[in-house]
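Working notes, structure below.
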Amino acid sequence: MKIIENKTKWFSISAIIIVLGLVLAIINGMNFGIDFTGGSLMEIELHQQIEVAEIREIINQYDTNANISLLGPDRTIVQIRTINDFDSQVRAEIFNQFKEKYDLPENEPLRAEQFGPAIGKEIQNRAFLSMIISAIGMLIYITFRFELRFGLAAIAALLHDILVVVAVYSIFRIPVNSPFVAAMLTILGYSINDTIVVFDRIRENLKTMKKSNFAQVANDSITQTITRSINTSLTTLVTIVALYILGVEQIREFALPLIAGVLSGTYSSIFIAAPVWVMLKEKQNRKFVYKPNHE
Amino acid sequence: MKFKNAIIFLVIIAVVAMAGFTALNGLQIGETTIRPIKEAVNQGLDLKGGVYVVYEAETDATSDELNQIISQTIEVFRRRVDAMGLTEPLVIKEGDNRIRVELPGVENAQEALDMIGRTAQLQFITIDGDVVLTGSNVKKADVTFVQGEANPVVSLEFDSEGTKSFADATAEYIGQPIFIVLDEEIISSPNVKNVIANGQGHISGDFTVESASQLAALIRGGALPVNLKEVQTSTITATLGVNALERSITAATIGFLLVLLFMLVYYRIPGFVANIALTIYILLVLGILVALNATLTLPGIAALILSVGMAVDANVIIFERLKEELRAGKTVRSAIESGFKRATRAILDSNITTLIAGVVLYQFGTGPIRGFAITLIIGILVSMFTAIIITKFLLKLIVGMDFTKNSKLFGA
């Protein structure tokens, strides 16, 4: 297979998706959940479809900028989202207004969440920090077991996968909230795992390599491991797709980026990680050739 | 040899099938009942419904002093939560000055939040504004009915210090009111009729039995040493949670069965072996989660899917190697030996790399990230064990049965 030779094509495909996601993110903004921005969210089952304007009358007493949407199969669940910090007192007040007006049998909302503005930042920072440290840890291990260039290429593939999934979040306007962090973590695990197996084969083939044709070694190694890459992503996808089809709204919002992540992880282990490794390797080789001339 | 191998193999299948059945449906032998895993595993709030709240202490105290305040607050929270009689509540410190309280399966989230977050500073104050005694002087608090009061009252028994100051105060302020103040709100202002020297009193007011017993529980639990701010709350009703879990389980089951089918069709005999190993894998992981009393959350399910993917991957790596060795003309027996040897390195390196990520996330993450990490770590360790040890053992067992030399059945 001529994977390495066509690397410009593969890189371009990824770049298009990532840039599209970024551009849309700049135009529309990301659909940040309240756990990232701080604020409050309530979901109340009204048992009937009510006009948003009617609901707004109640909400306007508390926040005129609140975001109101109708959810559920029959659109009978009202979701109120605001960047204001409604404590449990205010939330109870709002709920009771709905309860009285629409004669609700329940005693509390389906879901109520409130995040102080500092918390969202903190969750992001911590998640970000732990991902960076994980990446460094993995880089050290790969350098120790393989070589630094394998590690760098693996991290490049990982970065690619994360950017692709962020782009998917932006393109499909998936809410960025706590499950976003879990999705990112899953992709981190999957991406590296997928890449290492390809690299393991390259490492093995390097031993029997005759000339220093890194592109050839990479191509051969990919050909030898491609069945495995496809079978593994297929079996992983099956479970996630089942979750996406059968799951509730919250699970679906979570499954979609995972599907993107698994696809991207498989793609990057073949079309990003290996070509990047070859590029790094060839650059290193050139250096070795030129060095004696300089001295 | 052949016969012995076949027997061992059948016994293993029987045991796995039995364990699988138990995990799904539970088992009852005589007095012992084994609950199905679905009921035995702790479900996180996002699956089960309930409420959690993170409080931040509003104080300038630092280091030891702050630690002291936080651990006292946690103590008070624990007593209050225990009084609610919930199963598996969680009260933990988060960061330096925060406390996370999780109450799974709570019926009325709003009421629970009110009850937990109250400062519950109880004071007896004279008309001149002197504090006679506080909640910390109360030894016992209970709900009773007294003559002349239509509503239930909260009866109090003071400690020796409280008894003395109450006796002094009632002597001094006879005929005047003493205010009973809870969180700066006067809840009762009885007139002192005579000196009370026996260290007993009661709070009367507009109580129901329920509200009176709540107040009694609050007083018994003690006052919070600091003002707290709700920085994060989330309540999910049980119905939303139950749907999420039921449907996730259905989806996971269907997904898992499809994976088993794929493995069987694609890899034949090794695929069948992998399916036994994967079933053992799932049972082990869920069993360990139950044994560790871990909590399964949405991110946990993600980690589970990821680790199942990795367990399947390990088998796929082995079988692809096996195929290559068979195509190179090796016998089934030696192909298994060399295939495993070469595959093991790839499996170890890929799993250890992911394991590093898992450990770091566990170290540095909070709440949901930790749940993800712990499930991932368990999953990876068990997956390496089942793929490398169990799959190999079973494959050799089958080869030892010697019923076929057809390497096609081994995927070649």
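Glycine too: its Cβ is placed from the backbone N, Cα and C atoms.
Computed from a predicted structure; not experimentally measured.
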- As TrEMBL has it, transmembrane segment corresponds, among B:166-185, B:346-365, to residues B:346-365
- Message: Limited to the domain 'SecDF P1 head subdomain' (B:123-226), I'd like the whole-number average of pLDDT.
- Response: 83
- Item | Candidates B:298-319, B:346-365, B:371-395; stretch with most C-beta pairs under 8 Å toward the transmembrane segment (B:272-292) | B:371-395
- Query: Against which stretches of its own chain does the transmembrane segment (B:249-267) lie, if we need a Cβ under 8 Å and a gap of at least six residues from its ends?
  - Reply: 38, 274-275, 278-279, 282, 301, 304-305, 308, 312, 315, 319, 411
- When DSSP states are grouped into helix, strand and coil, how many residues of the domain 'SecDF P1 head subdomain' (B:123-226) land in each? 29 helix, 36 strand, 39 coil
